[in-house]
Every structure is written in C-alpha cells, then in structure tokens.
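Colleague: Questions regarding the structure given below will be posed in turn.
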Amino acid sequence: MGKKKTRGEGSGLGRALIKERLNAGRGYRRNDTWLHTSELNDGYDWGRLNLQSVTEQSSLDDFLATAELAGTEFVAEKLNIKFVPAEARAGLLSSEESRRLKKLHEENKQLLRIPRRPPWDESTSPEVLQQTEKDSFLTWRRDLARLEEEQKLILTPFERNLDFWRQLWRVIERSDVVVQIVDARNPLLFRCPDLEKYVKEVSVHKVNMLLLNKADLLTREQRRAWARYFQKEGIRAVFWSALAEAQRLEAEERGEDAMDQEDQSDTEEETASKNATDHHEENSSSPNEEKDENEQDEEEEGEDERICVDESEWQTCSEESGDEDHAEENPESTATSSFYNSSRLLRKNELLEMFKSVHSGPTCKDGQITVGLVGYPNVGKSSTINTIFRNKKVSVSATPGHTKHFQTLFVEPGLCLCDCPGLVMPSFVSTKAEMICSGILPIDQMRDHVPAISLVCQNIPRNVLEGTYGINIIRPREDEDPDRPPTYEELLMAYGYMRGFMTAHGQPDQSRSARYVLKDYVSGKLLYCHPPPHINPEDFQPQHAKFAMRITGAEQIDGSGGKPSKVKRIENTVDKQFFHQANVRALTKGVQMVMGYKPGSGPVEAGKANTEQQAGKPWKKHGNRNKKEKVRRLNKHLDA
C-alpha cells in the first residue's frame, strides 16, 4: 500500500496557478484581492451593440422600465396587498369606460381620414409625383399616430403600404360608382365616411353606394331598421348576400337539369305505358298526374309570388302598425331625397340593374359605366364578384393584401366592374377583442383568448350557447346574480369536455376550444347583429328571443302530454361530420395481439403446450402497404 497523502500535500503552487487561470477565464473575480479598481465609465462602451429588440412587454415590465428611465425609486409596501381574482382577467370595459370611449369616438371621428392623392396634371413628372405622394402619406401616418397617442384611442390595423393606396386612388379616379362592401352584422365598423368625402372631392358626378353583404343573417325588421337609418343619413344602401345568391343560382341550375331529366323520363314512361297498358288504365292515372303537376305549379307560383312581392305588401299580424308607419314615412323620405333604400335582398340581375341605373351624370368613358368595388378582405368582396360572374374570376382570401393590383372585369358591353385590392382602413374600436370577433384580426394568430371569449359570452345568451353546442354550462352560485352571463372559463370548460379537447394533464384545452367558438362567431353560427345608434342592442336580437321561445314551447308540450320531457338537441356541423362518417374505425396505441400471438411469445391460449416451433413471426405482415400510422397523423384534420 502506498503512503496516504495528507490534506496539505495535494495543494501546491502549481495547482494554485492553474486554478487562478481557470477562474480568470470563467470571469471569476476574487473579493479578497489587494488590487483596488474603480469604474469611471469614461471609455467607449463596446457592449452597447449587444441590444435586444423589445416589441411587447408585460404590464409589470413596462412599468419597471418606465420607472427606470424616469429615475424613480420605489419602496416595497408589504401591508398593502390586493388579491386580483381570475374573473378580473375578462378584458372587457365597464359601462362607464365604454360610454367615455364612445364619446371620444364621436368627438374625433372627423380626424379619421384616408390619405389623399396630391393634385397633379399632365406636366407633373413621375419623380415629383412619387415624392409628393410619399410626403403626404408620411404626414397622414404621423397624424394618426398623434391621434392614437394623445387621445389614448385604439385604431384598427390599417394598410401601411403606399402602393395599395395608389391602387385605391386609381380605382376612384376611373370609377363612376364607388361601392363600399361592408358586413351587415356591423356596418358602421367597416364603413369609412371619409372615403365618401374623398370620392366627392375627386368629382361631384361620382356616386357613392353601400353594399351590405351577408344580409341573409339579418331578419326583415333588422334590415328595415338599417335601411331607415341610412335613409336619414342620406346614404344609398343595398342589401345583398353573395353566398345565398350563389346557392340559389346553383339550385336553379340543378332544378333545370332535374326538370329536363324528368321530362325525358316522363316521355319514356308514357310511350312504355301506351304499349303495355290499356286505355282505361291510362285514363285512371292521368287525373292523379295532372293533380300532382297542378299542385307543383301552384307551389312554384306561390313561392315566386312570395319572393317577388313588393315590400309594401309584406305584412303579418304583429307588423301591421309598423308597416303603416313605414308606409307613411315613405313619401317624406322620397320627397327629401332622390332615392329610397329598400330592405329587400337583391338578386344578381337586380343588383346589376341597380349599378346601371344609379348613375345618371357624365361618365369617365362614353357609353360605359365603371363600378369600383372597395372593401375589407373579410366582408365578401371577392365572393360578390365571383357570384356575379358565376365562376371564380378573383381568388378568395382573408389575408389583407392578397390582391396586388386592381383589375377591370366586363360583365356586359356597357357595364365594367373594377376590383380594388382589399384595404383595411383606419377606424375606432374599443378593445382588441372586438377586432378579433369582427374578423379583422386572424383567429389563428390570437395570443390571448380570454377577452374575445368574454365578449362572446356577453353578446350571446346562455341558452343559445347551450342549445347550439348541446352543452350544460355551470349555473351561478347562490350568492351571485342568477341572470349573469357565463364566464369564459365556464363556457370553454363545458365545450372542451363535450368535444374531448383535452390537454396532456387531463384538463380541457381552453385555447383550442376558444378558436372553434370564435370561428363559429365570425362565420355567423353564433349570430349577433349590431344595431343602429340609439337602439337598444338587447331589443335588436329577435333570433335570441325566438330561440328561447322555441325551447320553452317544447318544454310545455312535453309537460302537458305527461310524457317524460326530452332534451331538445340541435344538430350542428360538428355533430354531422362526426356521426355521419363514411368510414368509422377504432384507433389504438401500443403493441396489440395479432392472431392470438404476442411478439416474442407463442399463442396466448392457456392449457396448450407450445410443442411446435412456429416458422417465422406470424404476427409480422411483410409487404403490407396499409401499415399502422400514428394516431395524431390520422386525426390531423381535427386539429384547430
């Protein structure tokens, strides 16, 4: 055995030097050194280039950074502790804050301007024109930034590329009729009043028009209220639904094809019946056939009459007084203005006739009316063009800036449509949740779902949410208001449990559920229509009242008959896709038994001796193209 080293023998001068060199390389500084240094900060700071870009901060980090810049010191107060509950994260404004914001919006709405094209003529050179356009555009950007900073207002994300605004200027200059396409559920958010002023500034002979798309989501009374409002404001408004009109035109085509096939089959059946049956049987069957054909003709004529009936003749028992008032208001409105806003849903031919008849002054081109279509990307501008042309003339996309250049499309020799790139114009909103629910901001890029879902819970009643999705939302506690709207967590927990959207920890995936709910809200499955000003929003939602009456009526019928009451379920798109699948299969994880064998063992059946050696591996299926795939890849179409 060797001699055991003592504790002091292992540390020498050489080892101490090595340790010091290693510690110096690691940036270690000894505190017990005799060297005295001082940081004067009088040299060049080479570390200043190692900066980190900060685009978004939390409220605490922002507060501390501002305090550090201001040179303020804070002392911790340990006794003043305030607990903020989780329900306070709703992100919605109180009634006082919303009233204050509406007042600010009304006071500063004249400052919401779109950039103007500087005046130019034939003698202006392209270089000078581009420079003046850049200068005016920069001034416009500065004015909006100053408005947002000084008044503490939130503006919608607007187009910041000058080339897109140049396309708008060209469309306005060459158009005789400028049509703003807006969403009928919230027209005032998507309408830009300053655009109408700019059109009149370019030429007095140009005509402004408002096209309310997706108007099939509104009832007749809701459309009538908006028509009266725009009539008082002196705005020419037209109601239209590109999706409903496309479906109607497709149904007409299918109906014509079906009628042609029925006529051919009828002639074949008649010839066959003449050869195979007696004259008596022919006479006995003809009255029934004539009766059925007459009934079908009467039904079709009745439907045509109901569709083509004039608006003044639309009348029900509950609408007689309203129609009388409306009929009395018509002469006054037509006397004061040269047009009358109808609440009817226009068809394709009627819309084209409206485009041709709305302009009566001199046109930019002789014998041709040019209609410029302007609007947000998500309001159905491209769908309107495709419905008019009955084929895909324009690519449809929800991303702003998808169309790079304007294009002219001739519907007929005397009518030309000028498609403008989708522009997001500046407008006021209260919160970012309102922009998400209006479809302005993409849902898939949402970072915080709490404010948006809280707004949905505030707008959509509890019974509508439960009936639409077939869920049971937890009721309020005894110490809470029984009529309060559900919280975001209550809705998303119930929806996640029902759909099976679970996280790895066994909890409902609220973020995934929120995306499904918000997409249903934007598409109109969860319908909420904003009313005109000075109308109560709760009184402007007749679909919610009808939904509640339908549920209560079903409960009364079940209770009066003595039968056990059944839960009224409303089948939605998700249920249809799940329960009506053409190929239903079970998915498993892990290694399974194949033909009674497990890998590396014999038959599983007990009592039989494994006397014969199995040749090869019977559970292996070589050359099987239908191999087992991962479950997450098989169900990737179900991901949000």
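Heads up, residue numbers simply count up from 1 along the chain you see.
Note: Cβ is positioned from N, Cα and C throughout, glycine not excepted.
Heads up, here are the entries from Swiss-Prot:
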- 165-426: domain 'CP-type G' (DOMAIN)
- 213-216, 375-382, 419-422: GTP binding site (BINDING)
- 251-341: region 'Disordered' (REGION)
- 253-270: compositional bias 'Acidic residues' (COMPBIAS)
- 290-304: compositional bias 'Acidic residues' (COMPBIAS)
- 320-331: compositional bias 'Acidic residues' (COMPBIAS)
- 332-341: compositional bias 'Polar residues' (COMPBIAS)
- 602-640: region 'Disordered' (REGION)
- 618-640: compositional bias 'Basic residues' (COMPBIAS)
Colleague: For a quick check of packing: other C-beta atoms within 10 Å of the C-beta of N213 (GTP binding site), how many?
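Modeller: Counting Cβ neighbours of N213 (GTP binding site) within 10 Å gives 25.
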Colleague: Using a Cβ cut-off under 8 Å and a sequence separation of 6 or more, which residues in the same chain sit near K381 (GTP binding site)?
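Modeller: The list for K381 (GTP binding site) reads I181, N213, L373, V374, G375, D419, G422, given in order along the sequence.
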Colleague: Summarise the model's confidence over the domain 'CP-type G' (165-426) as a mean pLDDT value.
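Modeller: Mean pLDDT across the domain 'CP-type G' (165-426) comes out at 72.
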Colleague: Neighbour count, 10 Å Cβ-Cβ cut-off, for D419 (GTP binding site): what number do you get?
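Modeller: That number is 23.
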Colleague: For the binding-site residues G375, P377, P421, work out the Cβ neighbour count at 10 Å and name the residue with the minimum.
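Modeller: Result for the binding-site residues G375, P377, P421: minimum number of other Cβ atoms within 10 Å at P377.
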